Amino acid sequence: MSYTKTQAKAGYQAGVKDYRLTYYTPDYTPKDTDVLAAFRVTPQPGVPIEEAGAAVAAESSTGTWTTVWTDGLTELDRYKGRCYDIEPVPGEDNQWICYIAYPLDLFEEGSVTNVLTSLVGNVFGFKALRALRLEDIRFPIALVKTYQGPPHGIVVERDKINKYGRPLLGCTIKPKLGLSAKNYGRAVYECLRGGLDFTKDDENINSQPFMRWRDRFLFVQDAIVKSQAETGEIKGHYLNCTAGTCEEMMERAEFAKELKTPIIMHDYLTGGFTANTTLAKWCRRNGILLHIHRAMHAVIDRQKNHGIHFRVLAKCLRLSGGDHIHTGTVVGKLEGERASTMGFVDLLREEHVERDLSRGIYFTQDWASMPGVMAVASGGIHVWHMPALLDIFGDDAVLQFGGGTLGHPWGNAPGATANRVALEACVKARNEGRDLMREAGDIIREAARWSPELAAACELWKEIKFEYEAVDKL
């Protein structure tokens, strides 16, 4: 009898069996319809890696700690997860990548919540494992097609706001907490009239005593209308609809719709995938863009031996739904290597991405024509970073300068103008064939000669750098 199969006909025998007898199947060839997962496994001393990998496959699918008589009431060989390959992690002791295949029928259609409940559930507390990290998931086309995905996507967003050929510019309003609704709206107006495309609620802003959500929405929409009238451009502000209950979240979204705002916002990890998918479907029905913030992600993804890599959270967001998501900047104050960051940025934006371990992509992923998500670069960036940001992210991104706009010595509007001039100069230089990375300083200095706003920003931030080594490196 093959130990890689569960044979009910062999008869029920109580007791505890090694997981590897049933769930380690190195001869298995994954099917096109399987959900594939790559786990970084660190077993406890004395636990063979084959047993550890099989335990992950078992505990995240059909297994439990002992043999149960109800195993004989179903065809476990059809439903079990299979650890089909194990590779050592280069440069690391006692760490392996275990590849596990899950049958499609284990997962509810259109539910990111259900996928994560299985794959990153109780197995992460398993005593036989010292640490466990989900590095990547391959979602088969058969499952991808059960999700709506982004409410609109990159192409439709550009058509809605009538802006092409460059990244979009944004700004998070600061201070993040404490402003009254009227002063908050004034800050939004100054940024938008100065040249930004979007402004943003900080993720912390919901409906606090100093600024209730309804008041904020009203003053912000007034700022949008005024700035559009002055500039002739379509403007927007990410109104954060995240709330304590789904009912309150939807009430805020409905009010934003009444105001005819073009875009709203949700904190998808703290708010939860069920709430996020609900909001994304509503946004498509109502023609409103959805900006996604990733507050809480570093708690989950920053440690390289335990947790969930952000590329998994990014893929799950594309399925759940969002038109923008924060991805880090590579050059700013937040964690992120270039190769790894661009790996998950491509997974957000492209229709088809090939396996590429040099960028942390463990599986080829086909999105079956699902719309792409705009990457948002935000966190500790200023005008001197503009050439690098354009070189790294290209056009389909939102470059979001909070302190890099509001910290301008002349105020918000000049800060916005400085960023817009720097961006337009970099786009022009790129289109002329200049090397953005090699000529970065020259490009910015040339533009600053005829823009006093940019010159002042360049002088203020000329010494500001964030040169720390990334914690989570490939």
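Along the chain as shown, the residues are counted starting at 1.
Positions of Cβ are set from backbone N, Cα and C atoms, glycine also.
Same-site candidate for substrate binding, as annotated by Swiss-Prot with N122, T172, K176, R294, H326, chosen from S61, S227, S378: S378.
Recorded residues S378 (substrate binding site) and H293 (active site, proton acceptor) have their alpha carbons 10 Å apart, per Cα-Cα distance. Measuring Cα to Cα from E203 (Mg(2+) binding site), the recorded positions that fall within 10 Å are H293, R294, out of N122, K174, H293, R294, H326. Cα spacing between K176 (substrate binding site) and D202 (Mg(2+) binding site): 6 Å, rounded to the nearest whole number. Closest by Cα distance to N122 (substrate binding site), from the recorded positions K174, K200, H293, is H293. Same-chain neighbours of the Mg(2+) site beyond K200, D202, E203, judged by a C-beta within 8 angstroms of the site's C-beta center, are, in sequence order, T172, I173, K176, D201, N204, I205, Y238, N240, M265, H293. In the three-state DSSP scheme, T172 (substrate binding site) falls into the strand class.
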